[in-house]
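Asks: Handing you this structure, nothing more for now.
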């Protein structure tokens, strides 16, 4: 599985060209993309500016010598490569398993060519088997948790090393164990209107293409946008 992730990540780096502003994703598959961009910067003299989606990716990019700017210093991003936890046939996806969904969505929204790299196990008919992350402000988080509980969403606060996980933006994450999300657009819209919800892991209609690595090689799926 790890080899498939590496193949997909390295393949995605082919979309990066000199002079681009590049969104650097977070997670186990995006890691290999960032490594390949770093290799090209060091060995080929590739001239790019990176915009990162988490503190982890920032540290990785700095170690590789990739020049960085903050999202506030750029008007748009030419290409962003990131992973995804699930992708459905309509190119909707769940992201945020690594806890970076807010920064990932901000960068993705400003990206001209948004690419996901996944192994074939992430391609599903219906979203929802993977728990849906919902990033919430700390104030009133318990109230939101109870509300999700009443609605039957099977919520759980994300924890790390036995303590409540805090995102780079100092928020909590409530993971919803929904099983199935038949209408991700409607569910995402509902969460968008929940006071106290900062962002959620439904990335609906955002991606331009998905690079899928499987036992039979690499497939590139183009979204009809």
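From the backbone N, Cα and C atoms, a Cβ is placed for every residue, glycine too.
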Asks: Swiss-Prot records 26, 27, 28, 29, 82, 83, 84, 85, 95, 96, 97, 98 as substrate-binding residues. Which of 112, 122, 150 is assigned to the same site?
Replies: 122
Asks: Highest CB neighbour count within 10 A among the binding-site residues 95, 122?
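Replies: Within the set of binding-site residues, the most crowded position is 95.
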Asks: Looking at Cβ-Cβ distances, which residues of the chain lie under 8 angstroms from residue 104 (active site, proton acceptor) while being 6 or more apart from it?
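Replies: Sequence-distant Cβ neighbours: 25, 26, 53, 54, 82, 95, 96, 203.
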Asks: Count the other Cβ atoms sitting within 10 Å of the Cβ of residue 97 (substrate binding site), across every protein chain shown.
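Replies: Looking across every protein chain shown, the total is 20.
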